[in-house]
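*Asks:* Here you go, one structure.
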Amino acid sequence: MLTKEFQLINRQWFTDSRQVTGPVTDARSAEAVFFAIQGEHHDGHAFIGDLYRKGIRQFVVERSALTPERQHELATYPDAQFMEVESSLHMLQTLAAEHRRQFRIPIIGITGSNGKTIVKEWLAQLLEGSSSSDGFVVAKSPKSYNSQLGVPLSVHTLTESDTLGIFEAGISKAQEMQALEAVIRPTIGIFTNIGTAHDEGFRTRKQKIAEKLRLFIHANTLIYSVDYTDIDEEVNMLLKAINPDMRLITWSLTGQPATYQGSLQGNRLSLQEKQRDNRLVLSLPFTDPASLENLMHCIVTMLALRAWDTAELQSRLNRLRPVSMRLEQKEGINNCVLIDDSYNNDVVGLQLALRFLNQQRTRSRRVVILSDVLQSGQPEADLYQQVGEIIRAHDVEQFIGVGPVVSQNAHFFAANSQFYATTDEFLTRFLFSDLRDSTVLVKGARPFSFERIVHRLERKVHGTVLEINLDALTHNLNYYRERIARSEDAASRPSDTKLMVMVKAFAYGSGSAEVAQLLQYHRVDYLAVAYADEGVSLRQNGVDLPIMVMNPAPETFATLLEYKLEPELYSLRMLREWGSYIREQSRSVAGESAAGATGYPVHLKIDTGMHRLGFVESEIPTVADYLIHNPALRVATVFSHLVGADDAQFNTFTETQYACFIRNTTVLESALGYRPTRHLLNSAGIVRFPEYKLDMVRLGIGLYGVEAAQIDQAALQPVGTLRTVISQIKTVQAGESVGYSRRGVLDHDARIATLAIGYADGYDRRLGNGIGEVWVNGTRCPTVGNVCMDMTMIDVTAASASEGDEVIIFGPELPITGLAQRIGTIPYEILTGVSERVKRVFFKEGN
Ligand SMILES: *Cc1c(COP(=O)(O)O)cnc(C)c1O
C-alpha cells in the first residue's frame, strides 16, 4: 500500500470538479491519476468512462461506490488500474501530507473568518521576487482553494524550486482542521479574524476559535491581532498549553499591549515595536477597515520574515494591487464572448480559466490572449513549453501572446499564433475586426494592465447590467438536489429522483445558454423550455442534455426532430398530429428512422386541475389506445402541474391533484406495458410535498434564488443583481415637480438623480412615485415621479451620491420578493421582465 501511495506522489492528480495540478494532455495522460470522490451532490465515479476514453488509465476509487454494476463497468476498461480505497479524499490528504513533508521551507498557513484569500494573494504579491529585486519563489493556493479537497490539491503544487508556501485553510464544522493541519503543517501561522460565518457548525464562538487554532499546533510563529480579545484569550489558554515554544507576534490598532502597536493618520501608518526603539512609518495603498486589517497581517508577516528594510517594504507596498477574484463573462464586440480574468497569471490559474473557457461552448472559436506568465522559479523554456502544452490541450484555435518573454518563446505555440511585445503594441496593431464569433479568454498578470484590453473588447451598451452569480446558481441547485435526495424513510438509500430544470423565458431572465451550460456541467437530467426556438438556441450553444418543449406547434415539428427536441403532447389533436408526422418520417427514411424500435421520446401532460394544457381524465383511455397502436411514440415521461403547491390553503386540492395523477398514470402504464418517468413537483412542491416527488421533479424559480413556498428562503442565495448608474444629479426646489405629468411634486428641496433605467428595461412603471426604492451607496432612495421609458428619477437627498455612481435595483441588498410585493405581483414577473436589451454579466467567485 505504502509503495503505491508513494508512486502516486509525483504524478498529476485531479478530481472531477477541480483539475488543479495538471491538464490532461495526451503527453501527460499516462502520468495522470483521477481520484473519484463520492460527494454529497454528485459522484466522481460517473466520470471514469469519459476519462478512460480520453486516455486516463489510473484511478483511485472508493469501495462503497463499487456496486456490482460499477464493477462490471470497470471490468470493461482492461488496461486501466484501479486503486480501491475507503475514501479518495482521505487518500488525497494523506498523499499531500507526505508530499509536504519533503520540503524544509517556510510555509505560511492562514485561517480566520474573513480575508484569508486577500491576505494570501497580497502576501504573494509582496514577497515574490521580480527582475528588479530579490524575493521568494512562492507556491500558493489557487483562488480560495481552502477546503478539505482544495487544500491537498493546493499543497500538491509545491515543487523543488519554491522557497515559500502560502496556503489557506477554511473549515465549516468541528473536527475539520486536524486533517488540514497535517497537510499544510505551517511553520508560520496567521489568524486573520473571527466573525460569524459558519457559526451554525459550532456550539460556541470559543469552540470555533479553538478548532481554527488547531492549524497552529506545530507552527513556530503565530501572527494575530489582540484587538480580537476572544482570539487572544484562546491562544493564551489553549494553544500555549499545547505549543509552549511558539513565538507570538501580535498587533493592535487600539493601543492594546502587542508586539506592534500601530496608528493611522490619513494613509500613514506608524508602527511601534514593543521593547525596541524601533518606529516604522509606512504609507498604505488602501485604508478602508477591511483592507487595513489585511495589510496589517501582511506587514507584520514581512517584518517577521525580516527580509527587507523599510525602503524596500514601502516600495513593495506601493506596487500592491487590489485583489479581484472574479472571473467575469461579458459580451464582447463582433458577437464575441469575453472571459475576463485579468487578476493573476500563473499556470494553475491559467488551467482554471481554460477549464471555464471550455465549459462555455457558446461560440465555436476559442481565442486566448495571454501575458507573460510571471511565475519565477521554473526555467523559462520549461515554463513556456508547459504553457504551450496546456493551451494545445484545451483546443484553443488562436493564441495571442503579449509580453517580451512569451514572444521570445513563440516556438512553443501553434504556427498561427500572434505575439506583441507590450499591451500598447497589441492595442495599436491588432486587427480587432478579425476577432468575431469567438469566446475570448483575456488573462494577464497585473503589470500588463489587461483591463485595457478588456475595455477595448467589451461591447458597450447603456449602463444597466444584470449580474448573474454562477456560484449562487450552483449553490441553489445543490440545495434542491440535497432536498430531493433525502429519503422519507431514514433507513433506506437516498432516493434517485431525477431533476428537470426549467430554463424557459430566457432562464427566468437569467440568460438561457449560460445557465443551461452550467446545468449541463452539473449533470442535471433534463431541461425544459416553452418554445422550439428556445431549444434550438440551446442546441446551437452546445447543450446536449435532453430538452422538453412545452408548446410544440405543428409548424415546428421538423425543427424538433432536427435538433432532437422532445415535444410535450397535451391534447388528442397534438397527439395525432405528432403521431402522423412521426409515421411519415419513419416511412420516408425506411429502415433506420428517428422513430424506429426505441421510439421518439414524447412527454404527456395530464390536466389534474390547472385547466390550462393537458389531457383530461376522460381522454386517457383514448390516449392509451392511440399509443398502443402507435409504438413509434415512446412516452418518456408523464407529468402534471400543481396549481397551489406554495400555499397551505390549497393542500387538500394538491392531494386531489396527486391522486388524480396517480390514477391516470396507472391506466397509461398498464396500457403501455412499461413505466414512463412520472413528475409532478415544481420548486415550491419540492419543499412542501417531498412525498410526491416520484421519479423526477421540475425545478424553476428556486434555482434563481427565490424560495416560492417562503419557508426556507435563507437557504438560497440570490442569483441576479440588477444595477444601473446615475446619469445626472440636480438640486430641485420644494414645490417644483419631477418628470412627466408633474406627478412628482416635491415637498422639500431635494437632490434628484436620474437613473439609466426605465420601463423598457423592465423597471415596472408601477414602481414610480415613491412606491419603489433603490439602493445607492448603502442608502435606500425612493423614486420620484413617473418612471419613463429609459429613465427613472430618485431622491438622493439622504444618500451620498455622485454622477456615475452605481445603483442597485434588486440584488442581495434588495430582495426581488420585496420589490414584487410593493406592486402586487410575483417575483417571476420581475425576473422575466428584465428586458433583453439589458446586458447580462456572468461571474464566479473563487472556486
Ligand atoms: C414553469 C414550470 C415549472 C417550474 O415552476 P416554478 O414554480 O418556477 O418552480 C414546473 N412545471 C411546469 C409545467 C412549468 O411550466
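Placed from the backbone N, Cα and C atoms, the Cβ positions cover glycine too.
Copied straight from TrEMBL:
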ACT_SITE  Lys504  active site, proton acceptor
MOD_RES   Lys504  N6-(pyridoxal phosphate)lysine
BINDING   Arg612, Met789  substrate binding site
DOMAIN    719-843  domain 'Alanine racemase C-terminal'
ACT_SITE  Tyr740  active site, proton acceptor
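Describe the structural context of each listed feature in the structure shown, including burial, neighbouring residues and relevant distances.
*Replies:* Long-range Cβ contacts of Lys504 (active site, proton acceptor) within its own chain (separation 6+, distance under 8 Å): Ala528, Val529, Ala530, Glu534, Met550. For the recorded site, Lys504 (active site, proton acceptor), the DSSP three-state label reads helix.
For Met789 (substrate binding site), the same-chain residues lying six or more positions away in sequence with a CB closer than 8 A to its CB are Gly758, Tyr759, Ala760.
If you take the C-beta of Tyr740 (active site, proton acceptor) and look for same-chain residues 6 or more apart in sequence within under 8 angstroms, you find Gly785, Asn786, Cys788.
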*Asks:* Could you count the residues of the domain 'Alanine racemase C-terminal' (719-843) that DSSP puts in helix, in strand and in coil?
*Replies:* 23 helix, 49 strand, 53 coil
*Asks:* Would you mind giving the whole-number mean pLDDT across the domain 'Alanine racemase C-terminal' (719-843)?
*Replies:* 94
